[in-house]
Every structure is written in C-alpha cells, then in structure tokens.
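The disulfide bond annotation in Swiss-Prot covers Cys52-Cys66, Cys59-Cys71, Cys65-Cys78. Summarising the annotation, Swiss-Prot assigns phenylalanine amide to Phe84 and lists experimental evidence as the type of evidence. Annotated signal peptide per Swiss-Prot: 1-21, in sequence order.
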Amino acid sequence: MKASVLITLAVLGVMFVWASAAELEERGSDQRDSPAWLKSMERIFQSEERECRKMFGGCSVDSDCCAHLGCKPTLKYCAWDGTFGK
C-alpha cells in the first residue's frame with residue numbers, strides 16, 4: 001500500500017515537472033520574440049503623422065496642438081488656451 005502511494009506521488013511529481021518545463025519553454029520563446037515585436041510596433045506608431053498634439057504633448061508652435069489648446073512658450077507643451085466651444 002505504501003509503495004503504491006509513493007509510486008503514484010513520484011509519477012505525479014515527474015508529470016508536474018515535465019508540464020512546467022514545457023510551459024516555461026513556450027513562454028520563453030514568446031518573451032524572446034516580444035522585444036522585436038514591440039520595436040516593430042513602436043516604429044509603426046512613430047511613422048504615423050498625427051493631426052494634432054493632445055494635452056501636455058510636446059510642441060513648438062500653436063498649430064501643433066489640438067483645438068482649444070495652445071503651445072506654452074516656456075516649457076513647450078500643449079495646454080488649454082482658455083476657450084470653449086466645438
């Protein structure tokens with residue numbers, strides 16, 4: 001009786017280690033590939049031309065900022081210009 005319980009526990013332990021190793025191997029390949037994937041996504045977003053800069057976005061002139069935002073001359077960021085409307 002004791003021997004069968006020990007054998008069962010040993011088999012379960014081996015199966016657990018085997019399954020964990022297989023899962024770690026799958027995740028490892030994803031983690032190695034993810035930096036390249038993130039870099040390609042970063043290039044895509046950097047290459048897009050944006051219509052305007054949103055609140056606190058960097059700017060050089062007022063026309064860089066979205067509607068109702070103006071470029072603050074001292075720190076060069078888009079902030080509310082005090083106007084309302086559509």
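Just so you know, glycine gets a Cβ as well, placed from its N, Cα and C.
Of the listed disulfide-bonded residues, namely Cys52, Cys71, the sparsest Cβ surroundings within 10 Å are found at Cys52. Within 10 Å (C-alpha to C-alpha) of Cys65 (disulfide bond) lie the following recorded positions from Cys52, Cys59, Cys71, Phe84: Cys52, Cys59, Cys71. When the Cα of Cys59 (disulfide bond) is compared against those of the recorded positions Cys66, Cys78, Phe84, the shortest separation belongs to Cys78. In sequence order, His68 are the residues of the chain that are 6 or more apart from Phe84 (phenylalanine amide) and have a CB within less than 8 Å of its CB. Considering only the disulfide-bonded residues Cys52, Cys66, Cys71, Cys78 (disulfide bond) has Cys71 as its nearest partner by CA-CA distance.
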